[in-house]
């Protein structure tokens, strides 16, 4: 519960213990470039995907969870494939900022669950517990400077456009109930122009560019090693004050001591 994490943080603060901010990693790239697959591969190589959600040191967030609620008129367009889901205005940036700030403060947060078939938010939430590393993926993660500046590492998944289109066609037909003609029209009308205008220009902000997505194990292994340094040896260095400006160690509950390191 959110109240539990807030009480825990308050108790630690009153006892003079500093709380380290989580390490936020932004993962951007075009539609169906493999952003989710890269994040999942990182989780797998770290062994975090087999750990209970309450105990994970690394968690994944998706910008897709933060699509705005559509008006009846917008929803009617969406059903026909005539609504631009790749425009910055399609996302609830205010909620993204609030969520990121809460995560930075070590709070438990509740993430909306979006239904791509009905184009609406479900009446349920995903609970995200405090973690040491947060991977936040989405097509426009680096578009807003306010959001972009919160990431301590920025990754851009760079995949061939033809590969991305073929993946999107297969995904939208099999998972989202779309017709082929609708998927192609939407890609030509909205997706491709939006990528070129809003997503591709943000590639310059990336610290690491990952060609071929999850197939690029060399790049992913380097990123995994960096995250392992944060989870393992990094803690020892930060115990002494971590004077380089990245914060101090997040204090763990007794129940957290069993987490693998």
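Each Cβ is built from the backbone N, Cα and C atoms, and glycine gets one as well.
The secondary structure of residue 35 (ATP binding site), as reduced to three states from DSSP, is helical. When Cβ atoms from all protein chains are considered, those within 10 Å of residue 35 (ATP binding site) total 30, not counting its own. Taken from Swiss-Prot, the feature ATP binding site applies to 29, 30, 31, 32, 33, 34, 35, 36, 37, 215, supported by similarity to another entry.
If you take the C-beta of residue 178 (substrate binding site) and look for same-chain residues 6 or more apart in sequence within under 8 angstroms, you find 81, 172. According to Swiss-Prot, the feature substrate binding site maps to 86, 114, 119, 168, 178, 186.
The region 'Disordered' annotation in Swiss-Prot covers 238-261.
Of all the binding-site residues in the record (29, 31, 33, 35, 37), the one with the smallest CA separation from residue 119 (substrate binding site) is 31. Under the three-state DSSP scheme, residue 119 (substrate binding site) falls in the coil class. In terms of C-alpha distance, the listed binding-site residues 86, 114, 168, 186 place 168 closest to residue 37 (ATP binding site).
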